[in-house]
Amino acid sequence: MSAGRRSSGGRSAAAPRFTPPRGRAPLAVALDAPDAATALRWAAAVAPTVAVLKIGLELFYREGPAIVTALRAAGVLAGAGGAAVAAGGTGSAPELFLDLKLHDIPATVAGGMRSITPLGPRFVTVHAAGGAAMIRAAIEAAPDVEVAVVTVLTSLDVAALSAIGLAGPPSDAVRRLAVLAVEAGARTLVCSPREVRMVRMELGSNVTLITPGVRPAGSETGDQARTATPEAALVGGSDLVVVGRPITGAPDPGVAARAIAAGLSAAGRAADLL
């Protein structure tokens, strides 16, 4: 449905589709670090290049909100208003993506969203499987945050989905959950690069699509089941590609980030010619 689906309201319904600042790649680096010092080192290396820094469960559970404060103090993460400037960068520093995948009853998720809003994230993830009421509660509790609704984890293949009662190809579950999320008011979705083209065609151009499970050609897939290259994800309709280990596990994360950014830039130019 190229015209997109109507939502039930909320700030996310009016949020503009994500566009990286000038000079920054549509790339989020997953700071899945074992400690704050490692996260700060990785962030400093990639901050001049990328649009977003993603903090997930491992780092946030270990360090708590203090890691956000530390990244901002180091000048490698934008403030709540996006005003900080990264050393060596071209404009404001990367924005904050809290990938906490909230999934609970609506009141509890709403309370969680209110608790983390003061940290000034651009994105916070919740699970679509929590249902429409939970998604609406998250959006209403944090009107200044883009609630990014996770459809189906990129680690789940056909067999894994069948084992939890979701028979059929992953694309079917992704489509159902994406439509549910948008009808509940979401305007930012998380899906694998294998399904991003389908979701874009179904929901149109007014939805921000974030794609984890992205691996440069030749990289190990690890525990990811539904992957594609950064370039394929972008051409398929992704607005923000998430890359972790291929960057943070590289000998020089900054060089790795710049190489992926260059590939994304070339893919974007090629897509514009289609």
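Using N, Cα and C of the backbone, Cβ positions are placed for all residues, glycine too.
What Swiss-Prot lists as active site, proton donor is Lys101. Just so you know, the Cβ of Lys101 (active site, proton donor) picks up 16 other Cβ atoms within 10 Å once every protein chain is counted.
The substrate binding site annotation in Swiss-Prot covers Asp32, Lys54, 99-108, Thr154, Arg215, Gln224, 244-245 and rests on sequence analysis. Of all the Cβ atoms in the protein chains shown, 22 others lie within 10 Å of the Cβ of Gly244 (substrate binding site). Under DSSP, Gly244 (substrate binding site) is assigned to coil, being neither helix nor strand in the three-state scheme.
If you look up Swiss-Prot, you'll see 1-15 marked as compositional bias 'Low complexity'.
The region 'Disordered' annotation in Swiss-Prot covers 1-21.
Using a 10 Å radius centred on the Cβ of His103 (substrate binding site) and all shown protein chains, the other Cβ atoms total 16.
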